[in-house]
Amino acid sequence: IQPYEKIKARGLPDNIASVLNKLVVVKLNGGLGTSMGCKGPKSLIGVRNENTFLDLTVQQIEHLNKSYNTDVPLVLMNSFNTDDDTKKILQKYSHSRVKIYTFNQSRYPRINKETLLPIAKDVSYSGENTECWYPPGHGDIYASFYNSGLLDNLIGEGKEYIFVSNIDNLGATVDLYILNHLMNPPNGKRCEFVMEVTNKTRADVKGGTLTQYENKLRLVEIAQVPKAHVDEFKSVSKFKIFNTNNLWIALSAIKRLQEKNAIDMEIIVNPKTLDGGLNVIQLETAVGAAIKSFENSLGINVPRSRFLPVKTTSDLLLVMSNLYSLNAGSLTMSEKREFPTVPLVKLGSSFTKVQDYLRRFESIPDMLELDHLTVSGDVTFGKNVSLKGTVIIIANHGDRIDIPAGAVLENKIVSGNLRILDH
């Protein structure tokens with residue numbers, strides 16, 4: 001595992017455009033926004049100034065193509081859940097300077113936990129049959145990309161590497177130093193697979209980690225760890241890094257391995273309970289687990305800023321706030337923040353759904369000096385509130401707390417009932 005500083009120290013070649021023209025950006029776009037109370041693709045949730053995840057991605061790549069006069073395309077891996085809605089929205093980018101392609105990942109049948117048989121009665125997936133199917137995790141990218149014909153087309157156009165990341169990771173922008181390291185390796189031997197890892201904090205105990213086994217790098221996910229060792233796996237001192245799921249992979253290697261059926265990924269068994277109470281099993285794979293099948297793999301320990309996922313409304317609050325500034329689709333930590341770490345934010349269940357969350361903030365508070373925020377219960381925030389240090393706001397059951405406009409809360413615990421009424 002190489003430190004990013006070492007890769008960056010090599011600098012950039014003069015002909016950066018020729019290196020960029022060998023790159024394709026792939027975003028994993030199979031997920032729905034259900035965990036944030038939204039219907040439809042997660043990539044269409046607004047994250048900043050009305051811009052969605054997809055808008056920001058397109059802006060980033062367009063900025064790259066305009067700055068260097070290049071042709072970096074965007075490829076979206078959709079699932080049967082997100083394909084229709086995504087295709088409708090893509091028309092809005094028809095005049096942008098980014099070629100956008102899509103392909104669909106597979107559709108697998110959910111398995112009844114008792115009988116171990118598929119619960120679908122036939123192959124249709126409309127009506128009551130929709131619950132019978134699932135997209136089998138992002139490890140499906142290799143087979144689906146190959147089967148779609150898009151892989152061969154891109155190789156035919158002279159493309160050599162894909163940069164794969166989750167569409168909800170706002171830190172996953174194209175990094176020219178890593179790309180240069182791939183295209184012009186210092187020892188002349190190209191890496192077929194690079195995984196960006198970053199240092200664990202207490203908030204990242206669940207992320208997969210890299211191990212070395214039989215001279216190959218391997219990804220170990222928490223789902224593969226026996227119960228007795230889970231605490232050890234989560235320890236920050238034993239496993240110091242985790243996988244950001246920002247991956248750089250050689251197209252020719254995917255083609256070679258796919259044709260030999262040689263991509264070996266551990267199966268993750270994901271038990272679920274459907275709305276009707278039926279227990280099912282989903283068999284899934286993770287894109288990073290294939291690292292052991294590629295030659296000359298490498299982990300690069302990147303700065304934390306390359307991992308900025310938005311999984312919950314607590315994450316959304318951070319990226320909407322003045323902690324970040326937006327420039328050409330990329331979010332960067334504000335220079336006004338004195339320390340580079342992100343505050344720990346925990347919003348309670350009243351904030352889980354995006355529409356509830358938005359209703360509770362008249363404007364996003366100033367969080368430049370915030371270390372820790374916990375909010376629980378029926379709480380609303382007025383305009384221009386400022387939060388500093390550690391702030392804990394707990395409205396007891398049946399009570400409501402309205403933080404008044406212009407309030408400055410520094411190292412405060414607010415509890416009970418607080419309503420300021422206009423008279």
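Cβ atoms are placed via backbone N, Cα and C, with glycine included.
According to TrEMBL, the protein carries these features:
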- LYS42, GLN105, GLY137, ASP168, LYS311: UTP binding site (BINDING)
- HIS138: substrate binding site (BINDING)
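Between the C-alpha atoms of LYS311 (UTP binding site) and the residue listed as 'substrate binding site', the distance comes to 16 Å. Of all residue pairs in LYS42, GLN105, GLY137, ASP168, LYS311, the annotated binders of UTP, the farthest apart have Cα atoms separated by 21 Å. Counting only the Cα atoms, the space from GLN105 (UTP binding site) to the residue listed as 'substrate binding site' is about 8 angstrom. Remark: ASP168 (UTP binding site) has GLY31, LYS42, SER43, PHE53, PRO309, VAL310, LYS311 as non-local neighbours, by Cβ distance under 8 Å and separation of at least 6 in sequence. The Cβ neighbour count for LYS42 (UTP binding site), using a 10 Å radius over every protein chain in view, is 24.
The Cβ of LYS311 has fewer other Cβ atoms within 10 Å than any other of the binding-site residues GLN105, GLY137, HIS138, LYS311.
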